[in-house]
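Novice: Quick paste from TrEMBL:
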{"type": "BINDING", "residues": "Arg347", "note": "substrate binding site"}
{"type": "DOMAIN", "residues": "67-313", "note": "domain 'Aminotransferase class V'"}
{"type": "MOD_RES", "residues": "Lys201", "note": "N6-(pyridoxal phosphate)lysine"}
Amino acid sequence: MTFDQNTLPDNPYLLLTPGPLSTTKGVKAAMLRDWCTWDRDYNELVQSIRHKLVGISAENPEGYTSVLMQGSGSFSVEAVIGTVVPRDGKLAILTNGAYGNRIVQMANVLNIANVVLDFGEISPAEPEKLDTLLKSDPSITHVAVVHCETTTGMLNPIAEVGKIAKEYGKVFIVDAMSSFGGVEMDIAALQIDFLISSANKCIQGVPGFGFVLAKEEELIKCKGQARSLSLDLVDQWQAMEDQQGKWRYTSPTHVVRAFYQAMLELEEEGGVSARADRYLTSQRTLVEGMEQIGFRTLLTRDHQSPIITSFYYPEESAFTFAGFYERLKKEGFVIYPGKISAADTFRIGNIGHVFPEDMERLVKAIERNRFWL
Ligand SMILES: *Cc1c(COP(=O)(O)O)cnc(C)c1O
């Protein structure tokens with residue numbers, strides 16, 4: 001099936017936000033037809049997506065499976081948290097931003113016993129603190145951490161965290177929402193039991209569903225544990241397995257078709273390593289350009305992800321984010337406000353159909369806009 005992409009209008013601006021993000025015309029064009037949710041063609045598409053997701057998750061992904069779940073990414077995080085921690089379980093959550101804190105909120109709403117290791121807003125998670133905690137509290141059964149904390153752009157040391165979680169025999173959960181597909185990782189080598197991401201991040205699809213990569217033997221153990229019917233991860237997986245690509249309840253068909261196209265385009269680009277290279281080059285181009293015109297990053301380079309970067313507001317007292325945002329939008333760039341309390345920052349994302357040249361154009365536009373303050 002091909003679509004005439006030339007009839008699609010150009011977007012009025014580039015989204016430099018960490019999802020929804022700028023997608024290709026191919027991805028948008030893929031949504032221009034309707035699908036039946038129980039039709040074989042559609043279900044085969046779903047199976048292919050599930051298979052491809054597992055395929056890019058590890059060098060040797062044997063023993064891993066994938067589940068797709070309706071809703072935004074948080075719904076998939078909640079499906080994992082609410083399904084995999086048993087009634088008598090206890091979850092340790094390492095947090096340094098809004099998305100780690102959201103997992104804490106979920107655990108509290110779902111009445112899941114939890115312990116929080118809070119590292120503030122601008123420091124990475126410290127594996128040693130987890131070691132101390134797990135030593136002192138053997139009742140902990142599960143450990144959760146966010147890989148790229150999109151709040152700031154912080155990349156947490158999931159390899160070290162996972163190593164400790166596994167030394168103590170805990171189930172290891174990673175919210176890799178904004179990094180999966182855009183940063184090279186191997187879930188088998190990282191010993192991750194449950195990894196969560198969504199359609200509208202580094203795979204470069206449109207919003208509408210999330211997905212979970214799970215170690216199958218761990219997933220099966222969770223049968224009957226879910227605290228929600230719609231967000232029962234095992235039931236959803238079982239339906240997809242038994243009925244070969246069938247979702248429980250209505251699936252976001254157009255979004256799924258667009259995601260399939262996005263997966264093909266990821267392959268065409270050269271896979272995750274090529275995409276990770278592009279993101280890294282874009283992010284470096286952005287930071288070097290911004291530093292040249294006087295901006296400073298919130299995080300040091302060693303903790304910085306290639307996904308999204310936080311910048312301090314410039315010194316000029318006349319600077320307002322609202323004014324800056326509007327001027328950049330007129331130039332064709334949409335940026336993101338900051339989200340932390342410790343400092344005044346704004347954020348620029350570089351995932352999506354965005355290239356190092358776009359970063360150069362952006363820096364030039366920002367330089368021009370500074371004179372209008
Ligand atoms: C985007 C994101 C989520 C999910 O957010 P939604 O708005 O529910 O899609 C969760 N965790 C991280 C780290 C994210 O970047």
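Cβ atoms here come from the backbone N, Cα and C positions, even for glycine.
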Novice: To see if you understand the setup: which same-chain residues, six or more apart in sequence, place their Cβ under 8 Å from that of the residue listed as 'substrate binding site'?
Specialist: Pro18, Thr152, Gly153, Ile308, Thr309, Ser310, Phe311, Ile335, Tyr336, Pro337, Gly338, Lys339
Novice: If you draw a 10 Å sphere on the Cβ of Lys201 (N6-(pyridoxal phosphate)lysine), how many other Cβ atoms land inside?
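Specialist: Counting Cβ neighbours of Lys201 (N6-(pyridoxal phosphate)lysine) within 10 Å gives 28.
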Novice: Which of the three DSSP-derived classes (helix, strand, coil) applies to the residue listed as 'substrate binding site'?
Specialist: strand
Novice: Average the pLDDT scores across the domain 'Aminotransferase class V' (67-313) and report the rounded value.
Specialist: 98
